[in-house]
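Structure record follows, encoded as C-alpha coordinates.
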Amino acid sequence: MITRKSREELKLMRHAGSIVALVHQEMKKAVCEGISTYELDQIASKIIRDNKAIPTFLNYHGYPASICTSVNEQVVHGIPSKDIVLQAGDIISIDVGATYRGLVGDSAWTYPVGEISQDKKMLLETTEKALMAGVSRMISGNLLEEVSAAVEDVALSKGLGIVRQYGGHGVGRNMHEDPFVFNYRTGNKTVLKSGMTIAIEPMLNLGKDDVYVLDDDWTVVTADDMASAHFEHTVLVGDDGPEILTKLS
(Lines of atoms letter the chains of each structure in order from A and count residues from 1; the text may use other names and numbers.)
(Lines give C-alpha, C1' and ligand atoms only; values in the text may rest on other atoms or scores of the structure.)
Protein backbone atom coordinates (compact mmCIF):
# COMPACT_ATOMS: atom_id res chain seq x y z
CA MET A 1 0.00 0.00 0.00
CA ILE A 2 1.32 3.43 -0.98
CA THR A 3 0.95 5.97 1.81
CA ARG A 4 0.43 9.72 1.42
CA LYS A 5 2.15 11.73 4.12
CA SER A 6 0.54 14.26 6.44
CA ARG A 7 1.80 17.81 6.83
CA GLU A 8 3.51 16.87 10.12
CA GLU A 9 5.13 13.79 8.60
CA LEU A 10 6.44 15.88 5.71
CA LYS A 11 7.89 18.41 8.12
CA LEU A 12 9.85 15.62 9.83
CA MET A 13 10.90 14.09 6.52
CA ARG A 14 12.26 17.44 5.35
CA HIS A 15 14.33 17.61 8.52
CA ALA A 16 15.57 14.03 8.11
CA GLY A 17 16.39 14.82 4.50
CA SER A 18 18.34 17.94 5.45
CA ILE A 19 20.48 15.83 7.81
CA VAL A 20 21.21 13.41 4.98
CA ALA A 21 22.12 16.37 2.75
CA LEU A 22 24.45 17.68 5.45
CA VAL A 23 26.21 14.31 5.54
CA HIS A 24 26.68 14.42 1.77
CA GLN A 25 28.05 17.96 2.00
CA GLU A 26 30.72 16.64 4.37
CA MET A 27 31.31 13.46 2.34
CA LYS A 28 32.13 15.58 -0.71
CA LYS A 29 34.84 17.32 1.34
CA ALA A 30 36.12 14.13 2.98
CA VAL A 31 36.43 11.86 -0.06
CA CYS A 32 40.09 11.85 -1.08
CA GLU A 33 42.96 9.55 -1.89
CA GLY A 34 44.12 7.68 1.23
CA ILE A 35 40.94 7.81 3.31
CA SER A 36 39.30 4.52 4.24
CA THR A 37 35.61 3.83 3.83
CA TYR A 38 35.54 3.07 7.57
CA GLU A 39 36.63 6.66 8.27
CA LEU A 40 33.87 7.98 6.02
CA ASP A 41 31.36 5.88 7.94
CA GLN A 42 32.58 7.32 11.25
CA ILE A 43 32.25 10.89 9.97
CA ALA A 44 28.73 10.26 8.67
CA SER A 45 27.58 8.49 11.83
CA LYS A 46 28.74 11.39 14.01
CA ILE A 47 26.91 13.98 11.89
CA ILE A 48 23.68 11.98 11.97
CA ARG A 49 23.84 11.47 15.75
CA ASP A 50 24.94 15.06 16.45
CA ASN A 51 21.74 16.15 14.71
CA LYS A 52 19.60 13.98 17.02
CA ALA A 53 18.85 11.41 14.33
CA ILE A 54 19.56 7.69 14.00
CA PRO A 55 21.57 6.04 11.18
CA THR A 56 18.76 4.24 9.34
CA PHE A 57 20.97 1.58 7.80
CA LEU A 58 22.73 0.45 10.99
CA ASN A 59 21.41 -3.02 11.95
CA TYR A 60 18.82 -2.91 9.14
CA HIS A 61 18.44 -6.66 8.46
CA GLY A 62 21.81 -6.96 10.19
CA TYR A 63 23.69 -4.38 8.11
CA PRO A 64 26.81 -3.52 10.16
CA ALA A 65 27.44 0.16 9.34
CA SER A 66 25.80 3.60 9.17
CA ILE A 67 26.31 4.20 5.44
CA CYS A 68 26.94 2.13 2.31
CA THR A 69 30.22 2.76 0.49
CA SER A 70 30.48 1.15 -2.95
CA VAL A 71 33.73 1.61 -4.89
CA ASN A 72 34.19 1.28 -8.66
CA GLU A 73 32.55 -2.01 -9.77
CA GLN A 74 30.59 -2.19 -6.52
CA VAL A 75 27.04 -1.07 -7.28
CA VAL A 76 25.33 -0.73 -3.89
CA HIS A 77 25.47 -1.95 -0.28
CA GLY A 78 29.25 -1.93 0.04
CA ILE A 79 30.28 -2.29 3.69
CA PRO A 80 32.71 0.33 5.07
CA SER A 81 36.08 -1.14 6.06
CA LYS A 82 39.46 -0.03 7.37
CA ASP A 83 40.94 -2.19 4.60
CA ILE A 84 39.24 -0.32 1.75
CA VAL A 85 41.35 2.78 1.12
CA LEU A 86 40.43 5.11 -1.72
CA GLN A 87 42.87 5.59 -4.59
CA ALA A 88 43.07 8.35 -7.17
CA GLY A 89 40.87 7.45 -10.12
CA ASP A 90 38.28 5.60 -8.03
CA ILE A 91 34.62 6.47 -7.85
CA ILE A 92 32.62 5.84 -4.68
CA SER A 93 28.86 5.71 -4.17
CA ILE A 94 27.87 6.80 -0.67
CA ASP A 95 24.32 5.94 0.37
CA VAL A 96 23.04 7.67 3.52
CA GLY A 97 19.88 7.22 5.56
CA ALA A 98 18.82 9.20 8.64
CA THR A 99 15.74 8.62 10.79
CA TYR A 100 14.46 11.68 12.65
CA ARG A 101 11.56 11.21 15.07
CA GLY A 102 10.45 8.13 13.17
CA LEU A 103 10.67 9.48 9.61
CA VAL A 104 13.37 8.59 7.09
CA GLY A 105 15.50 10.52 4.62
CA ASP A 106 17.48 8.49 2.05
CA SER A 107 19.94 9.74 -0.57
CA ALA A 108 22.98 8.48 -2.46
CA TRP A 109 25.66 10.23 -4.48
CA THR A 110 28.69 8.99 -6.40
CA TYR A 111 31.91 10.94 -5.91
CA PRO A 112 35.16 11.00 -7.91
CA VAL A 113 38.44 10.45 -6.09
CA GLY A 114 40.87 12.91 -7.64
CA GLU A 115 41.09 12.78 -11.43
CA ILE A 116 38.97 10.06 -13.00
CA SER A 117 38.76 8.69 -16.54
CA GLN A 118 36.54 10.24 -19.19
CA ASP A 119 34.37 7.11 -19.16
CA LYS A 120 33.80 7.44 -15.42
CA LYS A 121 33.04 11.16 -15.78
CA MET A 122 30.42 10.32 -18.40
CA LEU A 123 28.99 7.62 -16.13
CA LEU A 124 28.61 10.01 -13.19
CA GLU A 125 27.19 12.84 -15.30
CA THR A 126 24.70 10.55 -17.04
CA THR A 127 23.52 8.81 -13.87
CA GLU A 128 22.92 12.15 -12.14
CA LYS A 129 21.10 13.37 -15.26
CA ALA A 130 18.96 10.19 -15.19
CA LEU A 131 18.09 10.85 -11.55
CA MET A 132 16.95 14.38 -12.27
CA ALA A 133 15.00 13.26 -15.33
CA GLY A 134 13.11 10.81 -13.13
CA VAL A 135 12.58 13.41 -10.43
CA SER A 136 11.10 15.83 -12.98
CA ARG A 137 8.25 13.38 -13.69
CA MET A 138 7.21 13.14 -10.01
CA ILE A 139 4.02 15.15 -10.49
CA SER A 140 0.54 14.25 -9.26
CA GLY A 141 -1.43 12.59 -12.05
CA ASN A 142 1.59 11.19 -13.87
CA LEU A 143 2.14 7.45 -14.07
CA LEU A 144 5.06 5.92 -12.15
CA GLU A 145 5.99 4.42 -15.53
CA GLU A 146 6.85 7.92 -16.74
CA VAL A 147 9.53 8.17 -14.03
CA SER A 148 11.01 4.81 -15.06
CA ALA A 149 10.91 5.75 -18.74
CA ALA A 150 12.68 9.05 -18.13
CA VAL A 151 15.53 7.28 -16.31
CA GLU A 152 15.78 4.56 -18.97
CA ASP A 153 15.90 7.03 -21.85
CA VAL A 154 18.85 8.91 -20.35
CA ALA A 155 20.73 5.67 -19.63
CA LEU A 156 20.20 4.28 -23.12
CA SER A 157 21.23 7.57 -24.74
CA LYS A 158 24.78 6.82 -23.59
CA GLY A 159 24.65 3.04 -23.93
CA LEU A 160 24.88 2.39 -20.19
CA GLY A 161 23.79 -0.80 -18.48
CA ILE A 162 20.75 -0.51 -16.20
CA VAL A 163 20.76 -2.53 -12.97
CA ARG A 164 17.55 -4.56 -13.05
CA GLN A 165 17.37 -6.20 -9.61
CA TYR A 166 17.39 -2.97 -7.58
CA GLY A 167 15.52 0.31 -7.86
CA GLY A 168 13.73 3.12 -6.10
CA HIS A 169 11.10 2.76 -3.41
CA GLY A 170 8.63 4.52 -1.19
CA VAL A 171 10.11 6.18 1.91
CA GLY A 172 8.44 7.30 5.13
CA ARG A 173 8.20 5.63 8.50
CA ASN A 174 10.11 2.76 6.93
CA MET A 175 13.11 2.98 4.65
CA HIS A 176 11.54 0.67 2.08
CA GLU A 177 7.84 1.14 1.40
CA ASP A 178 5.62 0.70 -1.65
CA PRO A 179 5.94 1.33 -4.51
CA PHE A 180 9.04 -0.27 -6.05
CA VAL A 181 10.41 1.96 -8.81
CA PHE A 182 12.08 0.25 -11.75
CA ASN A 183 14.71 2.18 -13.70
CA TYR A 184 13.29 0.92 -17.00
CA ARG A 185 9.86 0.52 -18.58
CA THR A 186 7.65 -2.27 -17.19
CA GLY A 187 4.17 -1.03 -18.05
CA ASN A 188 3.45 0.09 -14.47
CA LYS A 189 0.09 1.89 -14.32
CA THR A 190 0.44 3.25 -10.76
CA VAL A 191 -0.78 6.86 -10.68
CA LEU A 192 1.27 9.32 -8.64
CA LYS A 193 -0.66 11.35 -6.07
CA SER A 194 0.33 14.39 -4.02
CA GLY A 195 1.74 13.46 -0.64
CA MET A 196 3.54 10.34 -1.84
CA THR A 197 7.25 10.27 -0.93
CA ILE A 198 9.46 8.10 -3.11
CA ALA A 199 13.21 7.56 -3.50
CA ILE A 200 14.31 7.70 -7.12
CA GLU A 201 17.67 5.96 -7.56
CA PRO A 202 19.16 4.98 -10.90
CA MET A 203 22.09 2.56 -10.76
CA LEU A 204 23.89 2.56 -14.11
CA ASN A 205 26.91 0.60 -15.33
CA LEU A 206 29.65 1.32 -17.86
CA GLY A 207 29.21 -2.26 -19.03
CA LYS A 208 26.28 -4.65 -19.03
CA ASP A 209 23.22 -4.81 -16.77
CA ASP A 210 24.21 -7.96 -14.86
CA VAL A 211 25.17 -7.84 -11.17
CA TYR A 212 25.60 -10.30 -8.32
CA VAL A 213 26.06 -10.27 -4.53
CA LEU A 214 29.43 -11.06 -2.93
CA ASP A 215 29.94 -13.64 -0.18
CA ASP A 216 29.45 -10.96 2.51
CA ASP A 217 25.74 -11.17 1.53
CA TRP A 218 25.58 -7.39 1.04
CA THR A 219 27.95 -5.96 -1.56
CA VAL A 220 26.47 -5.91 -5.07
CA VAL A 221 29.02 -5.84 -7.92
CA THR A 222 28.86 -5.75 -11.71
CA ALA A 223 29.31 -9.15 -13.33
CA ASP A 224 31.81 -7.76 -15.86
CA ASP A 225 33.79 -5.72 -13.26
CA MET A 226 32.94 -2.47 -15.03
CA ALA A 227 32.33 0.66 -12.95
CA SER A 228 28.86 1.52 -11.65
CA ALA A 229 27.30 4.77 -10.38
CA HIS A 230 24.36 5.37 -8.05
CA PHE A 231 22.47 8.62 -7.43
CA GLU A 232 19.36 8.96 -5.26
CA HIS A 233 17.01 11.56 -3.80
CA THR A 234 13.89 11.21 -1.66
CA VAL A 235 11.18 13.15 -3.49
CA LEU A 236 7.70 14.43 -2.61
CA VAL A 237 5.06 14.20 -5.33
CA GLY A 238 3.40 17.60 -5.66
CA ASP A 239 0.43 18.97 -7.57
CA ASP A 240 2.61 21.57 -9.25
CA GLY A 241 5.88 19.68 -9.34
CA PRO A 242 8.27 17.56 -7.29
CA GLU A 243 10.03 18.61 -4.10
CA ILE A 244 13.41 17.07 -3.31
CA LEU A 245 13.37 16.32 0.42
CA THR A 246 17.04 15.30 0.72
CA LYS A 247 18.54 18.74 0.32
CA LEU A 248 19.81 21.37 2.71
CA SER A 249 16.93 23.45 4.08
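Using the three backbone atoms N, Cα and C, a Cβ is placed for every residue, glycine included.
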TrEMBL divalent metal cation 2 site partner of His169, Glu201, Glu232, selected from Asp90, Asp106, Asp119, Asp153:
Asp106
In TrEMBL, Asp106, Glu232 are given as binding divalent metal cation 1, so which of Asp95, Asp224, Asp240 is in that site too?
Asp95
Taking only C-alpha atoms and a 10 A limit, tell me which of His77, Asp95, His176 are near His169 (divalent metal cation 2 binding site). These are the binding-site residues.
His176
Check the Cα-Cα distances from Glu201 (divalent metal cation 2 binding site) to the binding-site residues His77, Asp95, Asp106, His176, Glu232 and tell me which is shortest.
Glu232
With every protein chain in view, what's the tally of Cβ atoms within 10 Å of the Cβ of Glu201 (divalent metal cation 2 binding site), excluding that atom itself?
27
Can you count the other CB atoms that lie within 10 A of the CB of His77 (substrate binding site)?
22
Tally every other Cβ atom lying within 10 Å of the Cβ atom of His176 (substrate binding site).
15
Using the recorded divalent metal cation 1 site (Asp95, Asp106, Glu232) as reference, state which further residues of the same chain have their Cβ within 8 Å of the centre of those residues' Cβ atoms, listed in sequence order.
Val20, Val96, Gly97, Ser107, Ala108, Ala199, Glu201, His230, Thr234, Thr246
